[in-house]
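Annotated features, as they stand in TrEMBL:
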| type | residues | note |
| --- | --- | --- |
| TRANSMEM | 15-41 | transmembrane segment |
| TRANSMEM | 47-68 | transmembrane segment |
| TRANSMEM | 80-101 | transmembrane segment |
| TRANSMEM | 107-131 | transmembrane segment |
| TRANSMEM | 143-168 | transmembrane segment |
| TRANSMEM | 174-192 | transmembrane segment |
| TRANSMEM | 238-260 | transmembrane segment |
| TRANSMEM | 272-291 | transmembrane segment |
| TRANSMEM | 303-321 | transmembrane segment |
| TRANSMEM | 327-354 | transmembrane segment |
| TRANSMEM | 366-387 | transmembrane segment |
| TRANSMEM | 393-413 | transmembrane segment |
Amino acid sequence: MIFDSNIPAQERINFVFYIMSRFILSAGDYIYLFAVSYFILYETGSAFYFSINLAISVVISLILLPFAGVISDLGNKRKTIIIGEWLFASVIIGLFVYTQLVEVSLVAIYFTTLLTSLISPFVSNTFQAAITEMFHKERIQKIMGYTQSILSAVPILGPVLGGVLFGLLGFQGIVIVFMIATIFSAAINILIKFDLYYDKSIYETDDDSVDGAFNKFKRDVGQGFSFLFNSDVFRSTLITVSLINLFVGPISVFPEIMMIVELGFEPETLGFVNALAGIGVLVAGVTIANMKSFKNPLQQVKFGIIILGTLYFIYALPIYIDMQTWMSFVYIAIVGFTIIVTLQFINVPAGIFLQKCIPQHIKGRALSAFSMFAMSLSPLGTILYGVLYDTGMYAAVNFVSGAALILVVVLTMRSAVLKRAEALNAQVDKDLIAASEQV
């Protein structure tokens, strides 16, 4: 990608800075979240308090996503991203100062999560809306595949570094690392050309038929929702993702509970387990980047979700079978590796389909509406799993969750929907070829 002379130099430069920015921030964030999860679970021993931190982030994002979508489409993407990332860095600097003057507490962690959640929806949604303006649409699969493979170093190295740093430096040391990462990431984003493939003509002009700022806001937000719900393909995908996010507990809550509370893994061991599982991101990312363009990305999504539901059935096995620590380590690493690979073959094809098939002029609003619905049941699911896992019925909870995943995707992603999705994707590819020939 970087050395391909057939790709414009500025696009390759964009890729380098984009990857550097995402890698640095993701690594810092991964290490920080590792410390937060270990601190909360070690201090309280409760999945409920751990799930509260996750729920805060999701609820705030749900509230702000409609605003983020409008700003992504109608505002200046470069300014939104750069200002947002510097504000994010300021919050982490504030947490660092607080931990030096007072001490680490659940309240401080929750408050930091609240503040960062006020910023993240604007930055992340705008970045997503800008992808096809930073990079050519016909190279989206390669971009997303290589991005995942390069960022795979984060789940590989992040937990190891997190475990080592947490053991050596404590929570305050982790905050310093995260603070430095946010500052570097914000600085690098200044060097990205966000409007490389920007086409002003495809964006809608101002419509004065609606009076009042609030009415215009409702209209702008409504256009994103209307686009999704007027298409049976996007509507079915949206319903599928929304229901699936209700059953993410075995991925988002259970692993730490199993390894820290039930199996008593040390921070370093926990880090190595997550790192071994993270190799799956590298494998999946490289594979996707070098595969032929997906003819039907949603078919990959359906198949991946069925596999994921099956993996839920066996994830809790080390808790119920008397295993030596090294055996539990190997088993969880192997299952975790498989889960990570499966998730990449769900998330990346879904992202490719959305990036290719949503028109650029409404992409920010459509993506924010999609994310809003996709996340709508996550807070309920997160809190629910926190309560359920505190009962100790891990196998039963995971089994029901896996069965529900499989049932949902079979009912919502029917053959007729997948055929229409394939036709839509084929039409976009045809239009891209025609546009390239004209150039």
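Just so it is clear, glycine is given a Cβ too, placed from its N, Cα and C backbone atoms.
Heads up, TrEMBL stuff is auto-annotated, nobody curated it.
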Decide whether the stretches the transmembrane segment (47-68) and the transmembrane segment (303-321) have at least 3 CB pairs under 8 angstroms, with pairs required to be 6 or more apart in sequence.
no
Under 8 Å for C-beta pairs, could you tell me which stretch among 107-131, 174-192, 238-260, 366-387, 393-413 has the largest tally with the transmembrane segment (15-41)?
174-192
Between the transmembrane segment (174-192) and the transmembrane segment (303-321), are there at least three Cβ pairs closer than 8 Å, leaving out pairs fewer than 6 positions apart?
no
Sort out the residues at least 6 away from either end of the transmembrane segment (80-101), same chain, that have Cβ-Cβ distances under 8 Å to it, and list them.
25, 71-72, 108, 112, 115-116, 119-120, 122-123, 126-127, 130, 171-172, 175-176, 178-179, 182-183, 185-186, 189-190, 194
Count the CB pairs under 8 A between the transmembrane segment (238-260) and each of 107-131, 303-321, 366-387, 393-413, then give me the winner.
366-387
Return the stretch with the most CB pairs under 8 A relative to the transmembrane segment (366-387), choosing among 107-131, 303-321, 393-413.
107-131
